[in-house]
Structures are given as structure tokens and as C-alpha cells.
Amino acid sequence: MGTIHLFRKPQRSFFGKLLQEFGLVAADRRTWKILLFGVINLTCTGFLLMWCSSTNSIALTAYTYLTIFDLFSLMTCLISYWVMMRKPSPVYSFGFERLEVLAVFASTVLAQLGALFILKESVERFLEQPEIHTGRLLVGTFVALSFNLFTMLSIRNKPFAYVSEAASTSWLQEHVADLSRSVCGIIPGLSSVFLPRMNPFVLIDLAGAFALCITYMLIEINNYFAVDTASAIAIALMTFGTMYPMSVYSGKVLLQTTPPHVIGQLDKLLREVSTLDGVLEVRNEHFWTLGFGSLAGSVHVRIRRDANEQMVLAHVTNRLYTLVSTLTVQIFKDDWIRPSLPSGPVAANVLNFSDHHIIPMPPLKGIDELNPVTSTPTKPSSPPPEFSFNTPGKNVNPVILLNTQTRPYGLGLNHGHIPYSSMVNQGLGVPGIGATQGFRTGFTNIPGRYGTNNRIGQPRP
Amino acid sequence: MEEKYGGDVLAGPGGGGGRLGPVDVPSARFTKYIVLLCFTKFLKAVGLFESYDLLKAVHIVQFIFILKLGTAFILVLFQKPFSSGKSITRHQWIKIFKHAVAGCIISLLWFFGLTLCGPLRTLLLFEHSDIVVISLLSVLFTGSGGGPAKTRGAAFFIIAVICLLLFDNDDLMAKMAEHPEGHHDSALTHMLYTAIAFLGVADHKSKVESWFSLITPFTTVIFFVMILDFYVDAICSVKIEVNKCARYGSFTVFISALLFGNFWTHPITDQLRAMNRAAHQESTEHVLSGGVVVSAIFFILSANILSSPSKRGQKGTLIGYSPEGTPLYNFMGDAFQHTSQSIPRFIKESLKQILEENDSRQIFYFLCLNLLFTFVELFYGVLTNSLGLISDGFHMLFDCSALVMGLFAALMSRWKATRIFSYGYGRIEILSGFINGLFLMVIAFFVFMESVARLIDPPELDTHMLTPVSVGGLIVNLIGICAFSHAHNHTHGASQGSCHSSDHSHSHHTHSHSDHGHGHSHGPAGGGMNANMRGVFLHVLADTLGSVGVIVSTILIEQFGWFIADPLCSLFIAILIFLSVIPLIKDACQVLLLRLPPEYEKELHLALEKIQKIEGLISYRDPHFWRHSANIVAGTIHIQVTSDVLEQRIVQQVTGILKDAGVNNLTIQVEKEAYFQHMSGLSTGFHDVLAMTKQMESMKYYKDGTYIM
């Protein structure tokens, strides 16, 4: 199909779009494998649902939902292939990596909702236990188990493999690890299979099948029909236990949170950044994961007025770039309208500085805000909490002293004397900066408290 | 034979070296103590079975009296508490008295239990050592019992008790009902009973023909259950570790109890029985059952796990190194993490938080109403023993879970930003809306499947109970719809420029009090940005539709006898729910995928065009704008400028333009040519250098362009 021409047409039916996107993925052979598995899965699920209604067993239904979850995971796999093909569009400027995360999240949540339904059903069944026919129970169990294991082991499902590695262990895994630690003490060869953690999907498939086998046995032997409900609850709880950590992990990615495991590294880098020459503080740090793995972030860096912005920007970017791939750094200076400190070569620049750029006086409002003694304006918000990560996004731009309507140009040379008058203020500001520098060497010893204390230290010349 | 078996097996793991774990004292030294302990426990089991037989003949109070008397006699002889050691003060006497009373009550209960449920069950339930019980309680009530192993142990313990209670075929209750005096339906005791009755003495079991024949059994019981156990326990807890002692002890007790439970009435154990009985009757009471065996296995497992040394404190955090170079760990971890907060205070605080804001308050009130209705329904269901009502009540509870989630999301979204949630928690509302949407889709799916199944095979319905319940549910849900659609309009008014919402807002007002839900289903599609409230609203709407459907189908069935109406109605409802959820899910997905917010799209395009025209600006790259939560629209952009403009001015202008376009959390990176030079100097990777030089090329090109201009 002529994908390129179709792509231009803005109005297409939903299915047409879907078909066209599918064309993108269909080139890959793995896609066809996944589709094959999907078809097998659908037939398998159909049979299982039929057997569920014929046996009237809710435990088998709960187990069938795991097969349906497999279908979702196949879809996720397909989506991840699609994501690899797609480039970022202007509307989705970060690319479609997040779709993978969303798919994982949705499928784990759906599995949990299914488990919730099972729980509800089984509570109702406890009130009135129907009779269970064991005819197809064992057959269904083994069909589902073998199919699940076959799918799990033959298809490399990148997103789920990543999540199951990265998310915290489920209680099921913990118990198995705990048990197998003692087993491996006796037979060390098994440790490669069981330790440190088993694949959660394989684990839940095996455990569910085990529960179903027990159910079958007890019903066959003693007609304990309540066992069916009990094992349905057990399978539902295990599903919860397995899916919950994964949905928490992917949900946290979707919530744009800083992943806890990189916080240590980030701290270290930010501390390095805050000790760079000219950097006064780092704030409004937002770091979050884009898809699985790649980190994005933005940060505001306040620098000294005489520091070279591009130099600092390059250094900050260079430091953070090792960890954060999509990075935006905003450099800001307080009081940048006044000329910078006349020291060394800059002093020689003052003259052509004033004829090149006309330095406008900030409007009166701006002056009023300034404390004449300090070179930095007092922060409008309450003093920041102990860590500058805490600065919420609302007070983003403390930089703005002018509003946009005042054009800085065209105020003309009639304000030419102002730089000199402000230089008097500047003279007062010098010890303040000196104090900052002195302080900074001190606060590097206090981990996690950079950038906020020098603000307090500054007003005391 | 059994004791040999027990001793061997138990000495095996104890004596076998090569176990993993912390360094142990070579356990070969303990073997004799372990064998001794196991033998004693075995004898104790014998003694308890014996005392069960005795209790059939002797009244419990007399039995305990004789038992205690004999024990005291022997112990006083051996220990000489009065003649040796320090004299006992008056304070100590009081304590001793208290202890004695408590001990009496406990042993009374113990032996009463023995008469009721037989020696096997008593042994299983009662013979747990202190540390097992302590660690069980700590797992159950403190929450930090020490790792998954202990939790598993506690779960096993509970399963064992449940097995004993539910799956044990010991028809105790039936027997209790037959014989109000207790159960003595074993032929032997029955004979005894009739003999007593024949003799014409008062109906008191304690009147035994000859007390003389009971001397031997009493001696064995006193010696096995009390004296030997006491001394050996004391010795073993000194010589070997307490947990090992507990493990082996309980293992032997349970195993031997199981064995005796099977073989006690068998001729093999004849020589063990001190009470000589002429006639052997196959006892039918308190026999082994599958439940007992399973629960015994679980008890053994749980005792084993719970008595194993606690692994607590293995999660120490490395704090540093000592001067000698050995690592120092901090094991105090969880002592500091638990901040104690009293429960009423916590409830009060969270209630206050809930009632502070409109959204959460509304959800909370509606949740309360819903729960009230549910519990009334459940109560009536239990009262009238109607299964339909109870299951409907559970269904309502299940629906409440969505409301609870919405409430939590509304509460959490106001939390302060933290390090991990650097933008604040506002996005949780969107995630909750998404989950609620998925929830509704699942519900729609299930209803659909159910109705298709019923369409194929329509069942006969009992309709007379359905109507009042569904009318009640309808009223509750209508109240909810009124409240939420009201809130909806508020948020709707607050959100500006949402392109979908304007054309629907009128229908909203007109229909908001009608009981027909259909007009609503498309109403909230483009409502305010609060996805959480939309999710909750849709949920309530779906419930209302369900009630309406039930009422309509009931009427149709009762009036016309159309049994097909019920599945058709639910089919229709399922499709309606599904269609109404799609916009919510689509919007939430777009936000979660960091799409350019559709309602700001036009303005942002204009803004970017404006930015192009700023003086000194060469180009911009990587413009990212996305909606973070209901009131945060974040954006980042990189801007390249010529080397002679002031960066801060550019930042200020761009900020102004983008703020006007609606972006309120902005980061602007201003780059000059110098930046790329610095970067190419700093970065060592070939790839990076290549990228940077490409950027520089483009800059040069643009620079030329601007110069020409």
C-alpha cells in the first residue's frame, strides 16, 4: 500500500489509519510471529472460556484471565515494535516511547481489574457454592499452562522483560526466593533457575496451575467444591501480587516522577554542577523517565552576574548529559540589566558595552522589589524547603523583573548615566558575592543542601 | 520404634554439617540433648493420650487436683524450695499466688479442651513453644515480623487452624448435641457410665470403682506430662538454642500425636497404655481425618518457620568504615521509620483534608451515601436471607472501589511536590481517570458477555425482588449525578478554551435533572480537564444506567413476559457505557503520552512563529510542550541566538510569549555558537562531536543568512 501518499491525507477512517500503521510494522518477521501467537491465543482463550462455563469453575476462569493477559502482552510487544519504527511527530514531540509504558500499565491494570472481578464473584460464590464439574478442568489447566509458558519463553517481550526486571519484587517472588534460597543451599545447581528472582509470569503460571491441580484433586476425592472458590481467590491474589509492582513502576513513569534509583547519581551530578565556577544555585529540577530507561529533564541554574553563560551552560550540560539524554538548562542571572562587575577585561568593555546594548533601567516596580543592600532580590515565595527539588513548578521564573510590554530597546541614551549609579550599588554587592563563594566551599560538605543556603548567607556582607 | 524413628530423623539435620547461613556451633555436641528432648516430647504425647483416657473415668477437677498434687509433691522433694535458697518475701508470695491461679485456669481450660476435642487436636493446638507464639503475634499485629518467611509461617499457622476448624470431620458438634453430659459414647465409657448408674450412686463420673487401679496411670501422667517435660525443657533450653529446642520439640510432639491418633486404640500400643482395659473397642471418636493430617503438616511447617532465628536486621545500611577498616552497618533502620500517629488523629486529619476541597468532598459524601445504601441492603439481605440482595450489596461494594480510588486521587493530587514527584501530584488525577476508564470498559465487557450469554439462553427471572432494590439504587445514583454534574459545570466554567466543551455545555444544563441517563452520556465527554472527576461521574452514570435498565426490563417482563428484554437492555447499556468511556480514555491517554495539549495547539503555533521573529534569534529546536496535570502545562525549548545578544533578554521575551500562550512551567535553554564550541571541546565522544559540529554548521548557515539580511 502506498503509505506515503496515505500519510498526507489528514482525514482517514480509524481503521484505515490502523491498517496503515500496521503496514509500518508488518515488514518485520517478528510481527508475523506475534500475530500467529495472537491467533493461537484467541482460539485457546475461546476454548478455555467454553470449558470455564461447562465446568462452572471460577478458578479456571481466573486462570483464563492470565491467558487474556498474555494476549495484552503480545499487543504490547507489537506496540513496542511500532514505537521503534515511528519518529516523533510535531504533536507528540517526545516520540511514542511512552506508548509502550502506557500499554504495559494498561495491561497490568486490566489484569488486576479482572482479578478484582474474580474476587467479587468468589465472594458471591461463598454464599452459594455451585457444583463444579471436573471434566475439563485438568485439560483446561494444562492447555492454558503450556500455552502460557510457550508464549512466555518463545517471544522476547522487551517492555515486559524490562518492567519485570526493574520493578520491585512481588510477594510471590519474595516467597519463592526465600524458599529457594534454602533449597539451593542443598542443591546449589538450582540457583541459576530460582535466584535471585524468578520470572514473575512463569511463576504465576506455575503457581496457578498448581492451585488448579489441587482443586481438581480435592474435588475428585472429596467433593470439596469450596476449594474451587478458595483457589480462585488465591489465583486472584497472586495476580494482584504479580501485577501490582509492575503497574506501580509503569505508573510512576507515566506520572513523570524521578526514578528512585537514579536519585543518588543525580544528586551527585547536581552537587558537581553547583560547585562549578559561577553557579550560585540549582533549582526547579525536574527529571523524569521518558520511556523505559531514557531520562529527560529540565533545570534552572542561577549564576553569578559576571559568569560566562555559555561556558556554564556547556559545563552543566556536559555533566548532566551523561545521565539525562533530553536535557534543557535555563541559565538565569539576577539583576542582569545592570552591568556586570568591572573587573579585569570586563572593565574595559564597559564603554562599548553601553554603546552596543543600551541597558535599560528596570521599571520602578522592579526597583522597589530590590533590597538596596543585596544584589539579589528577595525570593517572593516562602523560604524553600530543605531541598531545592522541592521548589514546585509554580514559581518557575523568578527571572522576570520586566514584563514583556516594556521593550528594552529604544529607551535611549538618556539613561546613559544609570549604569554608573547602579555601579554604586554594585560596589555594595561585591562582598556579598565574596561571601557566597566562601560559603559554597562550606556547604559542599553538607550533602543535599546545595543552592539554598547561600541565598541566606548572601545578605550579610 | 517410633521414638527411634523420631530421634534418628531429627538428629539427622541437626547433626549434618554443611548448612548455609551464619556460623554455628558444631551440632554434634547437641545430638544427645536433641534425642533426649525428642524422647521426652514423645513421652509427653503418651502422657496426654493417657490422661485423655483417664479423664473419661475421672472428673476433670479431681484429675487436675491429683495431677497438681503429685507434681507438687515430687517437685518439692527434688527442688527443696523451703529449705534451700533464699527465703521468699511477702511480695513474692503474692506473685506466686497470682501465677498459681493463672496456671490453674490455664490447665483447667487445657484439660477441658482435651476432653472436648481429643488428645490429637489438643496437642496440635496447645503444644506450641513461646517463641513460635511470640513471632506469630508479632507478624500478625506489628506488621514488621521479619521478612517473607515469617509471614509465610503465620499464613501456614492460620491455614492450619482453618483446616482444623472447617475441614476436620470430627463430628464433635453432633456428638455434643446427642449427649448433653459430654461425649462418652465410646463403648467403654458408656459401660462405665451405665455401671455407675446401675450402682445407684449420684451421677458423678469421679466415682470410680477402685482408685487403686488408677494409681499407675496417674503416675505415668504426672511423670510424663509434668515432671520429665519440665526438667528436660529446662536443660535443653540451657544447652541448645531456644529456637532449635522449640523446633525439634514441636516436631516430635506433632508427629507422635499423629501416630498415636492412628494407633492408640490399636493392639500394638497395648503395652504403652497404663490403664489396663480388658476389651478393645475400635474407637470411633477423634479419629484421624484428612483435615487433621493437613493441618498437622501445616502446624509443623509453621512451627518450623516461626521458630527459625529471625532474619531481622540483615538489611543493615552501610554507614561507613571503622578505623580498622571493617564496615559498619546500621541495623536500627525500621525503628526510626515508624512514626507513631494515633488512629483517631489520623482519621480526623484526613477527614479535614477531604472536606477542604469541593471535589473530594463531593466524592466523599456520595461514597458515604453509597456505603450506607450498601449496608442497608446487606443487612436486609442477611435478615431476610435473600441471596440476591446480598450479592447485589457486594456488587455495590465493588463499585464503591472506584469511588474510593477517585477519592484518594483527589486527596493525593493536592500533596506538595517532593523530590520524586517534582511537578507535584496533580497528574495522579489523570492516571486515576484513566484507571477508572479501564474499569468501566471492563465492566462494559463483562456486562456484554453476560448479556450475549443470556441472549442465547434467556433464563427465567424472579423479578419481584429486583424492583425496590433497583429503584433505591437509582435514587442514590441520581443524587450522585446531580451532585457531580453540578461540580462538573463548575470545573467546566473554570477551564478555558476547551474546544469540545462549548457545544455540549447547554445540553448539560437542560438535562441535568432528568432521570434518563442517555442525554448525559455524551455530556461529560469534553468537560473540565479533571479526568478524575470525569471518571467518577461516568461510573455513577453507568450505575444509573444499570438501575434504569433493570427497572425497564422488569416492567417489560412483568407486563408482557418478554424475557428477552433483560439481555437486550444490558446489551444496550454495555454499549452505552463503552461509548461514553472512549473520550475519557482518549483524553487521558493523550495527556499521559505527553501530547501537545490540543486546546493550546493553535496558540502555541502562533507563539512559536512569534518567537521566530525575535531579534537576534537564529532558530529554535526541540520544542516540547505538554500538559502535566489539570493546571500545569509544561514546556521546554532550546533557542539558538547570535553571539551578540544578551541571553537573559531572550529568555525573558520567549517566556513572555509562551506564558501568554498558556505554558506555565517553562525551561528555556539559550545557546550561542560559543556553547557548541565549548561542548565540542568538553565532550570526548565522537558521536557527540559529530552532532555538535552539525549544529554549528547549521548555525553558521543561519548566521550567514542573518548577516545577509
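Each Cβ is built from the backbone N, Cα and C atoms, and glycine gets one as well.
Per TrEMBL, the feature domain 'Cation efflux protein transmembrane' maps to B:363-593.
The annotation region 'Disordered' is assigned in TrEMBL to B:495-525.
Summarising the annotation, TrEMBL assigns transmembrane segment to B:57-78 (among others).
Taken from TrEMBL, the feature transmembrane segment covers B:99-116 (among others).
What TrEMBL records for B:122-142 (among others) is transmembrane segment. For the transmembrane segment (B:122-142), the residues of the chain that approach it from at least six positions outside its boundaries are 44-45, 48, 110, 113-114, 150-151, 153-154, 157, 160-161, 164, 242-243, 245-246, 249-250, 253-254, 257, 292, 295-296, 299, 302-303, 306-307, 310, judged by C-beta separation under 8 angstroms.
The transmembrane segment annotation in TrEMBL covers B:149-167 (among others). Beyond the ends of the transmembrane segment (B:149-167), by six or more residues, the same chain brings 121, 124-125, 135-136, 138-140, 289-292, 294-296, 298-299, 301-302, 304-306, 308, 310-311 to within a C-beta distance below 8 angstroms of the stretch.
Positions annotated as transmembrane segment by TrEMBL: B:211-236 (among others). Beyond the ends of the transmembrane segment (B:211-236), by six or more residues, the same chain brings 33-34, 36-37, 40-41, 43-44, 46-48, 50-51, 53-54, 57-58, 66-67, 70-71, 74-75, 245, 249, 274-276 to within a C-beta distance below 8 angstroms of the stretch.
Feature annotation from TrEMBL assigns transmembrane segment to B:248-266 (among others).
TrEMBL lists B:286-306 (among others) with the feature transmembrane segment. Long-range neighbours of the transmembrane segment (B:286-306) within the same chain, counting only residues 6 or more positions beyond its ends whose Cβ lies under 8 Å from a Cβ of the stretch, are 117-121, 124, 128-129, 131-132, 135-136, 139, 149-150, 152-154, 156-157, 159-161, 163-164, 166-170, 246-247, 250-251, 254-255, 257-258, 261-262.
Marked as transmembrane segment by TrEMBL: B:363-382 (among others). With a cut-off of 8 Å between Cβ atoms, the residues of this chain six or more beyond the transmembrane segment (B:363-382) that come close are 354-355, 388-390, 392-394, 396-397, 399-400, 403-404, 406-407, 410, 469, 472-473, 476, 479-480, 483-484, 533, 536, 540.
TrEMBL lists B:394-412 (among others) with the feature transmembrane segment. Counting residues 6+ beyond its ends, the transmembrane segment (B:394-412) has Cβ neighbours under 8 Å at 350, 353-354, 357, 359-360, 363-364, 366-367, 370-371, 373-374, 377-378, 425, 428-429, 431-433, 435-436, 439, 473, 532-533, 535-536, 539, 543 in the same chain.
For the transmembrane segment (B:433-453), same-chain residues at least 6 beyond its ends with a Cβ under 8 Å from one of its own Cβ atoms are 402, 405-406, 409, 530-536, 538-539, 542, 546, 566-571, 573-575, 577-578, 581, 584-585, 588-589, 592. Residues annotated as transmembrane segment in TrEMBL: B:433-453 (among others).
The transmembrane segment annotation in TrEMBL covers B:465-484 (among others).
If you look up TrEMBL, you'll see B:536-557 (among others) marked as transmembrane segment.
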